[in-house]
Amino acid sequence: MKEDRIVFIFGPTAVGKSNILFHFPRNKAEIINVDSIQVYKEFNIASSKPGKSLMKHIKHHLVDFLEPEKEYTLGIFYEQALKIVKEIRQKKKIPIFVGGTAFYFKHLKDGFPSTPLVTSKIRIYVNNLLDLKGKSHLLKELKNVDPIRFNMLNKNDIYRIKRSLEVYYQTGIPISQFQKKQNSEFKNILIVGLKRSFEDLKTRISIRINEMLNSGLLSEIKGLFSKGYNENTPAFKGIGYNEFLLWKSRPWYSLNDIISLINKNSVLYAKRQMTFFAKMPDVLWFHPEDDLDDILNLIF
């Protein structure tokens, strides 16, 4: 039965994931957000949070609930997802995971990775390295000890950079070598991938950035700075936010410089997402507009 399964819908940034949700019947499904930045309060525009009209149309979970200074990890997400799926199924609805954080989707499908515990002594050591020598030193260290992990990570994701080094310093084994996983708690999964041509994506990314600016992104950034959020705030690791930190370290950067960098980073991120998702097995690929009827018939 369709009600017994779980649905994944993923694709690169700006592919049009949110738009298709307006066509989903609210009485048959609920959405579980799979985005590591949209979870944060106050970081609204550059994170492309679902708008009020979409949230009203169909219920969303794991959006706009976490304080910006809090870390959000795979482990927290996985535990929350388990609980929410049970709640949705009790309502006789279909749980639909929607987003672009590929790392989360991978472990929803394959199971939560088993990595060793790290002592407080090791954590303090890595934090001291960061304070004394900076992020660039940690990245250099990670590239030396675990190039596989280095190539996988967002270079602004300081939490996972530190975590990777902590595991290595604790065990002498790169975190990428810890392949043992529990069996996934999620069964009977339908995986829907959304795709467009890369040229189309680049155009849509540029349009989206202009829409963000017109929606007040600059005011939002200034407001976040005025509240004391900075480079140590986990929410600021997201594209569209992290670039504005350059205004503090490189005040000669113009707004156009920042916007160009956001565009460049967004395009590179979309490319990484496409590469990652293309390697996932059992994916049914669709164009979000041309194949909309096929998507709806498949899910519902």
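Each residue, glycine too, has its Cβ placed from N, Cα and C.
Swiss-Prot has this to say about the protein:
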type: BINDING; residues: Gly11, Pro12, Thr13, Ala14, Val15, Gly16, Lys17, Ser18; note: ATP binding site
type: BINDING; residues: Thr13, Ala14, Val15, Gly16, Lys17, Ser18; note: substrate binding site
type: REGION; residues: 35-38; note: region 'Interaction with substrate tRNA'
type: SITE; residues: Thr101; note: site 'Interaction with substrate tRNA'
type: SITE; residues: Arg123; note: site 'Interaction with substrate tRNA'
Cβ-Cβ distance under 8 Å to Ala14 (ATP binding site), same chain, at least six residues away: Leu201, Arg204, Ile205, Arg208, Ser266, Ala270
Under 8 Å by Cβ from Pro12 (ATP binding site), same chain, sequence gap 6 or more: Gly100, Lys195, Leu201, Tyr269, Ala270, Lys271, Gln273, Met274, Phe277
Beyond the site residues Thr13, Ala14, Val15, Gly16, Lys17, Ser18: chain residues whose C-beta lies within 8 Å of the centroid, for substrate: Gly11, Pro12, Asn19, Ser48, Gly100, Leu194, Arg204, Pro288
Cα-to-Cα gap, Lys17 (ATP binding site) vs Arg123 (site 'Interaction with substrate tRNA'), nearest whole Å: 38
Residue pair Thr101 (site 'Interaction with substrate tRNA'), Gly11 (ATP binding site) - Cα distance, angstrom, rounded: 9
Candidate with sparsest Cβ neighbourhood (10 Å radius) among Gly11, Gly16, the listed binding-site residues: Gly16
Sorted by sequence, non-Gly11, Pro12, Thr13, Ala14, Val15, Gly16, Lys17, Ser18 residues with Cβ within 8 Å of centre, ATP: Gly100, Leu194, Leu201, Arg204, Pro288
Rounded Cα-Cα span from Gly11 (ATP binding site) to Arg123 (site 'Interaction with substrate tRNA'), Å: 34
Entry from the recorded positions list Lys17, Arg123 having the most other CB atoms no farther than 10 A: Lys17
